[in-house]
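Here's the structure we're looking at; comments come further down.
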Amino acid sequence: MAKMSAENEIEMRICDYLRRHGRSTVQDIFKELKLEKSTVNRHLYSLQASKQVFKTVEDNKRPVWNLVESMNDEQKAKPEQIKPEMTRDAIEEKHVKDLLKSGGLKASHIASKLGQQTQSTNKLLYGLMEKGEVRKCSKSHMWTLKNDQERNGSGSDRKLTSVSGMSQTFDVIEELGDGGYGFVCKVKHKIDDKIYAVKRVEFNSEAEPEVKALARLDHPNIVRYFTCWPDSDNWMSNQETNEKSNTTGSSTDTDDTNERSASDDDVADDEDDDDDDVSDDVTLGMESLTFTESTSAAKASGQCDPTNHRTYLFIQMEFCEGGTLTSWIGERNYGGKQRIPLEIHRIFYEISSGVEYIHSNNLIHRDLKPDNILFNDGKVKIGDFGLVAAQKNPSGDPIERSKRKGTPTYMSPEQENLRNYDEKTDIFPLGLMWFEMLWKISSGMERAEIWTNLRNQKLPDQFCERYTAENKFIEKMLSVTPEDRPHAKDIRLNLETFFSLHQNSLSQKTI
């Protein structure tokens, strides 16, 4: 009863305020009454349900509340003149879109501006993403509004269409990702009318490993490669010219090529973001194929002078329209979708099968993470081979590598700290991803705590109680000592044995 009295008292105070001040916004009320914004909102909607207050919403403005008893006779006689009210979710979605009109924002920043919990903001953002109104960059975690061309699936990319090798063969539908070392576009072939992803990178010796790896790998769980071709282009935007002309220095590492640096800032961004690694929409599913950092001897010698013609390599690949594993996880952490163990094990089985195939070809992926696990036609596709490397040199000896190359959140301890490591470095992120697929993480704070423990083989007690078999496998995969981790083949066989999974039983779509 005490709780009811307190609730009634708050509603009486709100009604009294509206009686004295008339038309007011939520901000006006909670500031004057010194209450939490969420509390005032909750009680206003309760009062609205009991027909004690009503609200009106004008274009591009916050909703205004007033007492029903203050409604004038004309409004009472002609209620249709009052603008039809929006649902609470629609209003909040509008506020989110209004904030994004000024530029990209992280979910945590949006939540702060709206006075919400980040989890509530994430639910709104993913709802808008499903409607095709916003997108999230998997690299910066910034949410942005889609323009009309993106929402309609039309438009063109002047960077690609300016190159004769593209414009003669493809119609560019939209740009999927853009980075300092290349970008990917969704295109439609002018002859066969099929949709592809085309990646453009500067053509030098460091572009070769990714192309050669894609060309030799033929597996149902790896993004399919079609062809590649070189082309030259003297077009460059002013911004790109400035960026290139201001770039100095190059890496002196003696590692194999195409390595992505993991700086301290990268670590901070990954660990600090409140909605780290939650979602990408369909078009962002191919964005992970874009950002390949390289250190070029040609750049160091000045051969890539932005005033000269440049040669690019265009890589034509399968377009994966089903989004990323990041998106899949985000929809279950924040979007309300259920986690179904059988579905999870099937997805993980296909990931493991793809990794097993990569390792069987004497290669290491080195950047396995949810952003790089794509879906197409309901099947898993491993993408982004920008950091692919040989397990051993032609003589069969270990290769000395640079430290801290990859994505900090998912890289193995040896990849972060040692110069010699083998294919077992890919098993560590597999363990992290399997856990992430099974276990709901609702906030950035919760993730930061769980992730630190997880990387040290400390799984939550509730997880171990619920997933008695899985937790033992994951713990082995997260072993600090690489030799203690299972091979990808062992993981696949264990999935078949313990969860009755087999490739023949996976003929149906995974998702």
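Just so it is clear, glycine is given a Cβ too, placed from its N, Cα and C backbone atoms.
Because TrEMBL annotations are produced automatically, they should be read as predictions rather than curated entries.
Annotation source TrEMBL lists domain 'Z-binding' at 4-69.
Residues or ranges marked as domain 'Protein kinase' in TrEMBL: 170-499.
For LYS199, the entry in TrEMBL reads ATP binding site. Secondary structure at LYS199 (ATP binding site), taken from DSSP and collapsed to helix, strand or coil, is strand.
Residues annotated as region 'Disordered' in TrEMBL: 237-281.
According to TrEMBL, the compositional bias 'Acidic residues' annotation covers 264-280.
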Around the Cβ of LYS199 (ATP binding site), the count of other Cβ atoms that are within 10 Å: 27
Local confidence of the domain 'Protein kinase' (170-499) - pLDDT mean: 77
The domain 'Z-binding' (4-69), counted residue by residue under DSSP: helix, strand, coil: 41 helix, 9 strand, 16 coil
